[in-house]
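J.: OK, TrEMBL features for this one:
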type     : residues                                                        : note
ACT_SITE : 156                                                             : active site, proton acceptor
BINDING  : 15, 78, 79, 108, 109, 110, 111                                  : ATP binding site
BINDING  : 109                                                             : Mg(2+) binding site
BINDING  : 154, 155, 156, 191, 198, 199, 200, 254, 282, 288, 289, 290, 291 : substrate binding site
BINDING  : 460, 518-522, 556, 563-565, 619, 645, 651-654, 725              : beta-D-fructose 2,6-bisphosphate binding site
DOMAIN   : 8-313                                                           : domain 'Phosphofructokinase'
DOMAIN   : 391-676                                                         : domain 'Phosphofructokinase'
REGION   : 1-380                                                           : region 'N-terminal catalytic PFK domain 1'
REGION   : 391-754                                                         : region 'C-terminal regulatory PFK domain 2'
């Protein structure tokens, strides 16, 4: 085994963040799986300096039940001692005594900088310990090199080099929950609310909250308002009222400044609104509630993936390997030189101090820039007053998915901003064929962003079932020049049918873009779909409750059926995020022997400290091994060892308000789609018509690794399994072995590659 005879220690330092426990759990279990000893250092650097009972070897069961817990179970503390060489000398002695030469540090840039300094000084620290007679020359030779790998835990998402830090998504959940609650009372009294969120040096939380909640104005340090912002802000708030809004929401980052570097406080913003607009205005400072609560599904997955990758990075390191930080790049966990990222992060602070705000925003990375760009485009003070003679149709197709309404809102307002008419189609392609069309104004989508389901209505019917002649006739009658279709597999399949039929129906030769939205995440051409994150969180919350029930009754296993059709994304990822023992899916064939192996594994588990089991099954995993069959088999084979219960989660997975990720992703995706449509129209005007018959006239907007790409639907045919309505290749299959490893399997199915 790669880790045989080696020791790894993990600690958390600095401010706590949700998802740290998921990372600690993954490091312990991945380390043990690789054959290494794994130690937990309690209370961060202070525990490393103090040693003794603060550094303890961890067993497999020691990290059971912590996945869904917020904060950090091993504690975190600021440590003055470690900043002095004498403190680092004590820490080195404590580590060498236990044979620890591999450290995983979970914290912010300050914590990671300290870890790197410790690594650089390691040789000289050991020499001093030998000179003092505290360790032997043999120990110095044996433990001559210290390997460091960092994981970034910070709710502010303020570390350069990673798209997301552990805890940022959960903090957004807390903030958005508060904004949604405040919105209801604000609407009742027609109030304005000023919300202050964390982010002393980084405006990420304020920026994404503004997009996810449709805020009227945001203040962030990387994009300070120009002189005279008070007048512009009040004009924007007044315009929003004139368009029919009953409330105004302003988001203020705690580190907000103006273009001269002067602080902008919540109180000052409130005073401006009260004085100039005479609006009943209230301030809400969210504070440390943003750090609290259970981690979101995203942060559990992020912590688990980063933790597993950190162990491999440590065990593969050589004396010539630099200290790495494990980062998220698109949907990939990657290793990046730690100090490059730290220096880049420090450059942001310098740029802000020098009032070079463009540089600061650029250093934040492409995710931050993408959010900022969309905010600027959607945040124009006035819509384009020069109306253009073009109509954009916006529709939902397929099953309802959380975030569809946020996408509709973004698409409608982007069109209206740019002087185009926005018309909506009710009930998908069927509604298009039956002329179920309505003109939408700014006010029509005022409360869409936080609404679940599909307000427009959606159906799975394909254009071929509705009749191309009827659809063509309505497009001609309504003078539709472009279509934005937000939906699942049927949206993509229907767009492909329209493209192929356009040769025979000239009125169908208009630009069309599909924005994937389905909790199944089964649309080809994209790694993620709108709604899948909300679905994951729904399943995780249910699993948490069920595990609590199973823990109370002891020796009980639950079999849960998830949605997803033939796509096992929901079952796999929620299984990994909830700590399931197994997840059965269509893409990975399983036999009765596999079921028996899992039952034997559970029987062994029930003899230990953790006496509960959780099994997930995708609804179409196997036509013969149904959920009822699996439940009965487990109940029979587990008799006298554990009992078994079954839950079919059903359509509750489609319900509820969209998560912050889905709101943000929907807002950005629909805005990008709308801008693409507007560009296509302007470049394909023939007389008073829009004629667009090129290969790329009908596209799907999808996230592929690290980019948002417009892909012609005809190019995606070969990548599609139409019979089972799934992509031929699915990126998340490479993560499945982690599910087996975290559940303590050690067979050929539990082999994870970096």
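Cβ coordinates come from backbone N, Cα and C, glycine included.
Note: TrEMBL annotation is automatic and uncurated.
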J.: Pull out the recorded positions from the set 15, 109, 110, 111, 156 whose C-alpha sits within 10 Å of the C-alpha of residue 198 (substrate binding site).
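T.: Checking Cα-Cα distances against residue 198 (substrate binding site), the recorded positions within 10 Å turn out to be 156.
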J.: Given the binding-site residues 15, 78, 110, 520, 651, 654, tell me which ones have a C-alpha lying within 10 Å of the C-alpha of residue 291 (substrate binding site).
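T.: Close binding-site residues: 15.
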J.: Please determine which of the binding-site residues listed here (198, 289) has the lowest count of neighbouring CB atoms within 10 Å.
T.: 289
J.: Considering only the binding-site residues 289, 556, 651, which residue has the minimal Cα-Cα separation from residue 79 (ATP binding site)?
T.: 289
J.: Listed binding-site residues are 108, 110, 460, 520; which of them have CA atoms within 10 A of the CA of residue 282 (substrate binding site)?
T.: none
J.: Quick one: give me the count of other CB atoms within 10 A of the CB of residue 79 (ATP binding site).
T.: 21
J.: Quick one: pull the CA-CA distance for residue 289 (substrate binding site) versus residue 110 (ATP binding site), whole Å only.
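T.: Rounded to a whole number, the Cα-Cα distance is 23 Å.
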J.: Taking Cα atoms as reference points, rank the recorded positions 154, 156, 520, 556, 565 by distance from residue 110 (ATP binding site) and give the first.
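T.: When the Cα distances are compared, 154 comes out closest.
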J.: Least buried of the binding-site residues 15, 108, 110, 565, going by other Cβ atoms within 10 Å?
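T.: So among 15, 108, 110, 565, the binding-site residues given, the one with the fewest Cβ atoms within 10 Å is 110.
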J.: Take the C-alpha atoms of residue 460 (beta-D-fructose 2,6-bisphosphate binding site) and residue 108 (ATP binding site) and report the distance between them in angstrom, rounded.
T.: 46
J.: In the structure shown, which of the binding-site residues 78, 291, 460, 556, 651 has the fewest Cβ neighbours within 10 Å?
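T.: Among the binding-site residues 78, 291, 460, 556, 651, the sparsest Cβ neighbourhood within 10 Å belongs to 651.
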J.: Looking only at C-alpha atoms, tell me how far residue 15 (ATP binding site) is from residue 520 (beta-D-fructose 2,6-bisphosphate binding site), rounded to the nearest Å.
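T.: Cα-Cα distance, residue 15 (ATP binding site) to residue 520 (beta-D-fructose 2,6-bisphosphate binding site): 35 Å.
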